[in-house]
Amino acid sequence: MSQTSSNPATLRLPFKEKLAYGLGDLGSNILLDIGTLYLLKFYTDVLGLPGTYGGIIFLIAKFFTAFTDMGTGIMLDSRRKIGPKGKFRPFVLYAAFPVTLLAIANFVGTPFEVTGKTVVATMLFMLYGLVFSMMNCSYGAMVPAITKNPDERASLAAWRQGGATLGLLLCTVGFVPVMNLIEGNAQLSYIFAATLFSLFGLLFMWLCYAGVKERYVEVKPVDSAQKPGLLQSFRAIAGNRPLFILCIANLCTLGAFNVKLAIQVYYTQYVLNDPILLSWMGFFSMGCIFIGVFLMPGAVRRFGKKKVYIGGLLIWVAGDLLNYFFGGGSVSFVAFSCLAFFGSAFVNSLNWALVSDTVEYGEWRTGVRSEGTVYTGFTFFRKVSQALAGFFPGWMLTQIGYIPNVVQSAGTVEGLRQLIFIYPCVLAVITIIAMGCFYNLNEKMYVRIVEEIEARKHTV
């Protein structure tokens, strides 16, 4: 075990450990984003599935993995035999390889009719989601085991979001050019690009495993009365008001973000008639996200997490509204998208810092420390959001009359504009109301909670 500070709330983490933790979300987002960005288009344009079928695949698979996330959390909180690798790190190490194989397999076509292709694609995506849950939930849930310092948690969240943003940038900017290296065979080009990106994702996950340390792993004696089983774990979630509000917020914001990502490839090709623009837009907008991630820790120290979170949402809304009303050209689309993504950087970064703080809140309220279940309760809502966000674009593409590889009608173009701009705005406004009116955990309250928890331990 590494040396810890006498006061866990003041422990400072070394730079290389923060970097290693950020590499973890770089790797996991590469493995995730190639599917988020391109799998629906692969289903519709290469496999020949109707948009609704592609949406149903996402809906079923993501709802399934919402429950596998919860199962992963309960499994983590039920572990009693903790080896030298730690409580969470082994799953980062061992699950990353099958995740890589299945991320590639998702882009493999089958010689069946539409129904057979749909069934195989659904099963592959569900299996991918199962092992991804084991890897990614363990990665996210170990933050409370790394540090109890709220500033360091915010810093880890920034590094995590930086890694996630870089992963999204690489997938947005690089995937299509890599595909284009294989000419004349769309199926093979998808497999080639997916293989290359997935192998890099695997490498970064293993570097994360090697570079982070678990310092605060509490292993209680094996006692059925103390073991955090299903009922106790759900009690910890149900009585955790900040966690519940944060789950609602993520249901909205992640849904908005994922719909935007899924539709932008259609928007640039069929509305702006410039598919190459997606790479440039990704480059500049992700650069703005990096700026937001860099500024986030300082903004949090000055204004607090809640105010920065809501401020980011307001910037996001402004960017999307400007794009809808004034973003008819390529340059204006990129400029206003940069503004929206800059605002989203604060929101997406702070999600991970806020959910880590709710672990102590839940322990303070119920007496049960359930890092795994708190985190996966949070990701349950994120997966539900991803399920709906995966289904909704595919279903809406059918409703607005989208036909692949042809000039779209005026009604279809307007439908794409509303999907990529207005729909995210509405969800962002709902989130502003939820966080502004109902989220009650601030920095002063968190410090008091940690002190009371430590005092309880000394009196037992």
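In case you wondered, yes, glycine gets a Cβ from its N, Cα and C as well.
Noted in Swiss-Prot for the protein shown:
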type	residues	note
TOPO_DOM	1-18	topological domain 'Cytoplasmic'
TRANSMEM	19-39	transmembrane segment
TOPO_DOM	40-46	topological domain 'Periplasmic'
TRANSMEM	47-67	transmembrane segment
TOPO_DOM	68-91	topological domain 'Cytoplasmic'
TRANSMEM	92-112	transmembrane segment
TOPO_DOM	113-122	topological domain 'Periplasmic'
TRANSMEM	123-143	transmembrane segment
TOPO_DOM	144-161	topological domain 'Cytoplasmic'
TRANSMEM	162-182	transmembrane segment
TOPO_DOM	183-190	topological domain 'Periplasmic'
TRANSMEM	191-211	transmembrane segment
TOPO_DOM	212-242	topological domain 'Cytoplasmic'
TRANSMEM	243-263	transmembrane segment
TOPO_DOM	264-275	topological domain 'Periplasmic'
TRANSMEM	276-296	transmembrane segment
TOPO_DOM	297-307	topological domain 'Cytoplasmic'
TRANSMEM	308-328	transmembrane segment
TRANSMEM	330-350	transmembrane segment
TOPO_DOM	351-386	topological domain 'Cytoplasmic'
TRANSMEM	387-407	transmembrane segment
TOPO_DOM	408-418	topological domain 'Periplasmic'
TRANSMEM	419-439	transmembrane segment
TOPO_DOM	440-460	topological domain 'Cytoplasmic'
For the transmembrane segment (419-439), I need the partner stretch with the highest count of C-beta pairs below 8 angstroms, choosing only from 47-67, 92-112, 162-182, 243-263.
243-263
Based on Cβ pairs under 8 Å, which of the stretches 19-39, 92-112, 308-328, 330-350 lies most in contact with the transmembrane segment (123-143)?
92-112
Chain residues in Cβ proximity to the topological domain 'Cytoplasmic' (440-460) (below 8 Å; excluding those fewer than six residues from its ends, i.e. six or more beyond):
8-9, 148, 150, 241-242, 304-306, 354, 357-358, 360-361, 363-364
Relative to the transmembrane segment (243-263), which of 47-67, 92-112, 162-182, 276-296, 387-407 accounts for the most Cβ pairs at distances under 8 Å?
387-407
Is the number of Cβ-Cβ pairs under 8 Å between the transmembrane segment (330-350) and the transmembrane segment (387-407) three or more, considering only pairs separated by 6 or more positions?
no
Taking a Cβ cut-off under 8 Å, which residues six or more beyond the ends of the transmembrane segment (19-39) line up next to it in the same chain?
54, 58, 92, 96, 99-100, 103, 106-107, 125, 128, 132, 135-136, 139, 146, 156, 159-164, 166-168, 170-172, 175, 190, 193-194, 197-198, 200-212, 258, 261-262, 265, 386
Recorded stretch, among 47-67, 191-211, 387-407, maximising Cβ pairs under 8 Å relative to the transmembrane segment (92-112):
191-211
Tell me, roughly as an integer, the mean pLDDT over the topological domain 'Cytoplasmic' (68-91).
80
